[in-house]
Amino acid sequence: MLVRSSRCDSKDPKKFHQQLTHHGEALLTLYFVTYLHWDKDLSTAIYHAFGGLCYFTPILGALIADSWLGKFKTIIYLSIVYVIGHVVKSVGAIPTVGGRDVHIALSMLGLILIAFGTGGIKPCVAAFGGDQFEDEHVRERQKFFSIFYMSINAGSLLSTIITPILRGDVQCFGGDCYALAFGVPAALMVVALVVFIAGSGMYKKNPLQGNILLEVCNCVGFALRNRWYRSKHEPRRSHWLDWAEEKYSKRLIQEIKMVLRVLVLYIPLPMFWALFDQQGSRWTLQATRMNMAFGDAFSIKPDQMQMLNALLILVFVPIFDLIIYPLVGLCRIKITPLRKMATGMIFAALAFGAATLVEISVVKTVVDPAPAKNSLLQVVNLAGGDASVKVLGTDLFPEPIPYFHDSPTYETFPLEGPAKYAYITVTSLGADTECNQRFEEEEAYSLILFPGPAGTQCKLVEDYIMKNEDGNPLVRFLNTLPEDLNITVGTVLFNVSSEYSVSPNQTVSQGVYSDVTCCLKSGECYRLDLGLLDFGAIYTIILKEESGKIVAHKTEDVKANNVHIAWQIPQYALITAGEVMFSITGLEFSYSQAPANMKSVLQAGWLLTVAFGNVIVLIVAEGAGLEQWKEFLLFASLLLGVCIIFSIMTCFYTYVNPEQLEKFYLENSGKEGDNNENMKKKNNDVPLKKTGKGTRL
């Protein structure tokens, strides 16, 4: 038996499927933002809508497995659908295949196929693995779920390291290679599926139980109708499901009672998943605004930070099972599955408390966009001496701006409408110059002051102040020379016209650039030292001729990310500790408390809590409109409140042993009819008997 279980575990495609899905979470968010060019809120909403669909479809998978194909064939066929979805999504990530509408259509079709494929697999694999153990192997089955979860995260750890490398370090079609990042998982899933099918003869395959989910729904519906239309003179029954006794067997009714008791406990659980699944959306976006360099040796990508969750799972599972739980038991504190899950909720809430503190520090380097009827303005002084700038009707720049410097910060300029012409007086080198510039609301501008034939001249250019979505710096060049320039920074080419023209912002990789090539239109080239171009910063690099050479002066329009990504480690450690206590325990609890013919159904119910968790995030992300740190704090507070409710509910739950129920009915079958009056009296409600290890039938 144990050999069979081990083989099932090693050839289980769910591990490959889970690792592919897990790494895809953060990758998807970046794909939406950087490739499809959706904003952060829409990207978060679509990401969680997809996540919700992935966990609504397990009901379909449970139906197919229990009433038609069985768990084994369901895993195979819907894995094929999953692979097809990845291939379609990979094709949609190829820039040369159609336009933006085609990319969106193929991406959405691929995600829908993946959602249906993964939904069919999810409720079957855990239950299929548990089926490999006989009834007496309870401890071995508990170990299986822990090892199963560790195996998933071992694969996830590798994928969260490798996939961002495939995306960012491998360049294809002139940019990040999302097509490769989506295509490699499809190939790996094919390999996993072949290995799983090869082990077919080693598995224990339970016979089909019929369309049990439909039978459950019919029984519940009949009981509700019968109770509603009952005669006032009929005696009350101990449970509302007992009103189905006229049509359905005592055994089915008792099994449905067991399942419903568990499903009622599931009602508060989506809030945990609402927090947990934000690792792939909000936490990844938070990482893009942090410093991701570990010295000069290496830096990580924002979507690689999730590998910490998988790595900590591998560390925490044995620590909890072998050290923490036994030590707590020595303190005479009774450890039950539901208590573990409640504690896991508390840890998840603490994780979001830590994320809130990090977010408050992160936003200090962000330049907020101008509100309606306002614009942002900074001054770049190239006029030849210190300059005083007066904008009529305001006191925006009270201090003179030194030569070859910009103003310390962007100043908010009130327009009193959607647009406005402003009169600006510039005093430099003892002379006054007036200029008239047009400003539009919600835009950011740089006012460039430079010498001209008639004194100081003004030039207004639009600025881009939003930090790069992938965390890399943005760079533009300001050319003070009378010739056009071509500058190569790494693999990025900038073309800058002459006479104080400014190039568009472009993304470059973070790093030290001491050997940048700058070529005049005439063909003469020079080397520039730009120094460190750091994460999250937006630079304007002023090119000037000094001593017969072109030199670069760097100004920082938007500050670099000064909060290191290592500050995310506490929140990942806390959420992972919560996951160990909540998710692994809940998975085993769902299996152990379900009757033999309803294990896939209850697994699907457990997965539905994840779906509703994503719906909660979807509603908050699109509807609340809160600042990010306030949103994190709101989620933490909600989960603590839900934890209190869940803890109260657990006080009224009675643990059961479905195997004892099975044994009870087998012993009584044939002795008397299930609808016989003696049977009803003997077992109106199968008695629950408390034992030292919980309550058994």
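Backbone N, Cα and C atoms are what each Cβ position is placed from, and that goes for glycine too.
The transmembrane segment annotation in TrEMBL covers 20-38, 44-64, 76-98, 104-125, 146-166, 178-199, 258-276, 308-330, 342-363, 601-620, 632-656. Among the features that TrEMBL reports, region 'Disordered' is placed at 675-697. The compositional bias 'Basic and acidic residues' annotation in TrEMBL covers 675-688.
Among the listed stretches 44-64, 146-166, 178-199, the one sharing the most Cβ pairs under 8 Å with the transmembrane segment (601-620) is 44-64. With pairs at least 6 apart in sequence, the transmembrane segment (44-64) and the transmembrane segment (632-656) have fewer than 3 Cβ pairs within the 8 Å limit; the two do not touch. Counted as Cβ pairs under 8 Å, contacts with the transmembrane segment (44-64) are highest for 104-125 among 76-98, 104-125, 146-166, 258-276. Two recorded stretches are said to be in contact when at least 3 C-beta pairs lie under 8 angstroms, sequence spacing 6 or more; the transmembrane segment (308-330) and the transmembrane segment (146-166) meet this definition.
Between the transmembrane segment (178-199) and the stretches 76-98, 146-166, 258-276, 342-363, the greatest number of Cβ pairs separated by less than 8 Å involves 76-98.
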